[in-house]
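This report refers to the structure that appears directly beneath it.
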Amino acid sequence: MRPNVFTEAGISTRLNQWWSSIPFVTSGVILICGVIYLVCLLTGYDSFEEICFLPSKVASHFQVYRFYTSVVFHGSLLHVLFNMLALVPLGTELERIMGSVRLLFLMFLLATTNAIFHLIIAFLVAYNPLYHVPFIVDECSIGFSGVIFSMIVIETSLSGVQSRSVFGLFNVPAKWYAWILLVLFQFLASNVSLLGHLCGILSGFAYTYGLFNYLLPGPSFYSSIEGLSVLSVCVRRPGFILCTGGTTYGQLPTYSNTSSTPSALINGNFLRNISSWMPSRQTTTTTTQEQDPRFPGRARTLGSAGTEPTAREASANLHASLLDNTTPSDPLTSSQNPAANTIRADATVAADQVDTFDEELKKLVGMGFEKTQAEVALAAADGDPNVAIEILMSQQGAVKFLQSFLKNLRTEEELLLGEGPKDGLIDDYSIPD
């Protein structure tokens, strides 16, 4: 039986379109993890104790490289396949918001903080005074799922959605989404690192509350990386997203609304945040529209498109500000009415220009020029009196030449007719100005 050529072509085309829609860093992480798994599978490498995150080895031998090698290695085909399929929508969404270099730095930051949280919690639980659990520091953890859990928390906080679907079976409140996934994976899968996933969720919360703002570089850092000649080939790739139009303060998107006190431990909201267990969504809108430094490119979250004023609302606001005849008496009131202040400033400038034009016109008339001609010349000269004088002088020179020419022409006509020249004949002609 002949194969269905059209079906095969359609599947390959759809796969190519799907892969080309994935941004540069996200697709690069998928390729790196996939290639590493294939190499381990073909070479028969299974000594994961040398590269996995092992708290006892990290603490005793200071093997910091395990922070990052444990992230890109996976134990089975389902392990790497499930993690990469979960990374595609999360990484694509975040990379389009932040840019490729920002997302790469975010993954590096999350991998580091996940490992630090994992190390601290493991030793606290293992050697707590109530009940010792020494085996927890000897658990070997590998996989990208810890970073994925962090990205789930960040993307959920930025999206603004009220509910999330769990495997397409049922919907749960968005604030409980990461926690429900944590519990489900513990019951549905075997050999799942509860502490690794938990630390990923904690890193995501720490990021959304602004605890990592002091660790985020400035915008020049991302620009310098994008400008490296070594990375010029990567930057020219269609899927590479530049960090242009990003934050002015060099901060990645966070949930914290205050840029001056980025740490939730400082602003006194830490206990309230812990009690809520998830970032509460903000539904109130402010009257002053300012660019939010947390979100590169636009001063709004992903789900706040409906909060932006429409063209009709913006026009109504402009009309209301123009019809407001009250003059603010304090700087605060003036700052709250920028449109009205702009209109008043433009009106003042226009009035000053009219007064200057009238003064220059009076000067030209006083010099002996006709008012109508002087007004036209001054308007043509954009208010410059010197240029207007040149225009008027050139016009008078042309008029005098035309009058002389017509006078000579009439004199020649009289001579041909046998009549003498008549003085003042030229006065019978109307010479256009």
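Placement of Cβ uses the backbone N, Cα and C atoms for every residue, glycine included.
Quick look at what TrEMBL lists:
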DOMAIN    356-395  domain 'UBA'
REGION    280-311  region 'Disordered'
TRANSMEM  21-45  transmembrane segment
TRANSMEM  65-91  transmembrane segment
TRANSMEM  103-127  transmembrane segment
TRANSMEM  133-154  transmembrane segment
TRANSMEM  166-188  transmembrane segment
TRANSMEM  194-216  transmembrane segment
Surrounding residues of the transmembrane segment (21-45) on its own chain - C-beta under 8 Å, 6+ positions past either end: 72-74, 77, 80, 83-84, 87-88, 91-92, 95-96, 100-101, 103-104, 107, 144, 234, 237, 239-241
Criterion met for the transmembrane segment (65-91) and the transmembrane segment (194-216) (at least three Cβ pairs under 8 Å): no
Contacting positions for the transmembrane segment (103-127) when only residues 6+ beyond its ends and CB under 8 Å are counted: 23, 25-26, 29, 53, 55, 58-59, 66-68, 70-71, 91, 94-95, 133-137, 139, 141, 146-147, 150-151, 195-196, 198-200, 202-204, 206-207, 212, 215, 217, 222, 252
